[in-house]
Each structure stands twice: as structure tokens, then as C-alpha cells.
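Feature list (source: TrEMBL):
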type	residues	note
DOMAIN	150-292	domain 'Palmitoyltransferase DHHC'
TRANSMEM	68-85	transmembrane segment
TRANSMEM	97-120	transmembrane segment
TRANSMEM	194-221	transmembrane segment
TRANSMEM	256-282	transmembrane segment
Amino acid sequence: MDFLVLFLFYLALVLIGGVMICICSKTHYLKGLVSGGAQIFSYIIPECLQRSMLGLLHYLFHTRNHTFIILHLILQGMVYTEYTWEIFGYCQELEFSSYYLFLPYLLLVINLFFFTLSCVTDPGTITKANELLFLQVYEFDEVMFPKNMRCPTCDLRKPARSKHCAVCNRCVHRFDHHCVWVNNCIGAWNARYFLTYLLTLTASAATMAIVSIVFLVRLVLLSDLYLETYVDELGHFQVIDTIFLIQYLFLTFPRIVFMVGFVLVLSFLLGGYLCFALYLAATNQTTNEWYRGDRAWCQHCPHVARPPSAEPQVYRNIYSHGLWSNLREIFLPAAVHYERKKK
């Protein structure tokens, strides 16, 4: 029964970790997922329960709230508690290097620092006071970002690369996406913090996975377990293989094996999203631009009004100016803004 509870517990953590990556990528995808799921469950779930579920989903994903921040901290705390309680002590007994054992804690401190900055930093809210300044930062490509467009909600002229966030109810400069895990938009002024937060979160999960796996491997080597034999169902002696070793470790250290599985899956999920975020940073794109630019022909873009006889225009990323310049724009946005403003 303990094993079943542990299995369900860590399976829930893995699923939540996967949902975290999907939600962070773009709110637009979530809308399609929710609407599709609502159609399926409408046939089997009572209407009153459907209304309650839709109300809860709307509160969680379409209003600003601290639910996912609290959930994020709880999940992180649970993982680090397991690491400290199960792995740290055993590794000290096996005389692991203190540098490797304390590295996850160092990454945790850095991660929480940038997590906080991602939550509280203004992403680049456009107001009447700074509207003219933001209009000078990026040129209009006349395809995805035409001139003289106004936000009907904020009643402001829309600078290039900006977008109105329906969750925060504000226009954001160089809008990337709204992330429920930091309860904030990711824009020009906090993209560097979010990228560093994502990097350290991935590194901490990968580090704990590596330390845990090395511990299990060293335990097997020191015990010479791989040299042992066992009697199978037919009464024959068999050399212990990998599957038998995993089963033995699972029965002996169930919590550690489950934690290894969780942090491994989480490392791959976070690593995949991190690679996508680094690709966007290296090419000077936002998630919003990547999604909209994926539809190559502009007649499929609902944001541009054009006569039916007009020739279709192909979207081209005019904001990429080389790798180092693109990265500098992410990590030093104020300096770039000042230089472009002077021009």
C-alpha cells in the first residue's frame, strides 16, 4: 500500500510538471485545450458540475491569482525535502563531494531569487505616459505589426511587438506570453529574469537527478550486487541483470527511485521548453510572434485588415540582428532601448 501511495503521489507530480510546461508556452493553446475538453465531458458530466469546472478553470487561467505560485513553491519544497531526507544523508555516508551535494541548494537560492523577480517585475506595461517612447523602440514590419493600430481596450496606439494581455488587462511591450506560474506577463523588462529562472530550475532538477543516480550506481558497485546470482522460477541460477537490479532498488529505496523518475521526467520537460526559449532568444522572437509567424501567409492572420485583391505578404523576422545582439536585447533591454531611442 505504501508503494501504491508513493506511485500515485509521484505520478501526480510528473503530470503537474508536464502541465506546467504546456501552460507556460501560451495561453492560446490552453483555450483550445479547454474548449475541446469541455465538448467531450459535456456528454458525461452534469451541467451544474460543468459550470463549476468552467468557473474554476476561468479563475485559474484567465484571472490573476496566486494559486500556481503557491503550488510551485509546494512542489519545489516537497522535492527538496525528499532530496534532503533521502539522498543527502546517504551520500554523506558514502563521502560524496560536498560541492555536488550542496549544488542543488545553491541553484535553489538563485532560482527563487529570479522566480521572485519574474513575479514582481513590471514586464513593460504601456501607458499614456510612456506610449510615445515605446513607439520608437521597434520599427513596424507592416505585416504582423502594422502602423497606427490602436488597442480597443486600453485606447492606446500599439507599439510594434506589443500585445494586450486579457488576463492582466494591459498592453505589454515586447509581449511573449502570460505565465500562470509567475502570475505575470513575460515581456521586455522581465524576460531575462524568466529565462534565468527557467535555466536554474532545469539545472536544479538535472543536478538532483544526476546525484541520485550516481548514489544508486555507487551503492550497487560497493555492495557487489551485480555479481550476485538468484534462482529463477525453474530453479536455475541466473546472473542479476538490469531489470532485477531496478526491482531490488525499488523495493529497498522506493522513495529515492520514485524521486529519480520524477526529476528525470521533469528535467526532460523543462529542458525541452528551455531549448525552445533559448531558440526564441537567439532569433529575437517572442512566443506570440513565433505562433503568429508560423502561419506564413498574412491572409490567414486576422490582425491585418487588407482588401481582398491585395497580394499576400510573407512574414519575415526583421528584429533579428545576430546572436549576440539578440541576447543583449534580452539581458540588457534598458541599454538597447536607450540606444535606439537616441537614433
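For all residues, glycine too, the Cβ spot is worked out from N, Cα and C.
Caution: TrEMBL annotation is automatic and unverified by curators.
By number of Cβ pairs under 8 Å, the transmembrane segment (194-221) is matched best by 256-282 from the list 68-85, 97-120, 256-282. Averaged across the domain 'Palmitoyltransferase DHHC' (150-292), pLDDT in this predicted model comes to 88.
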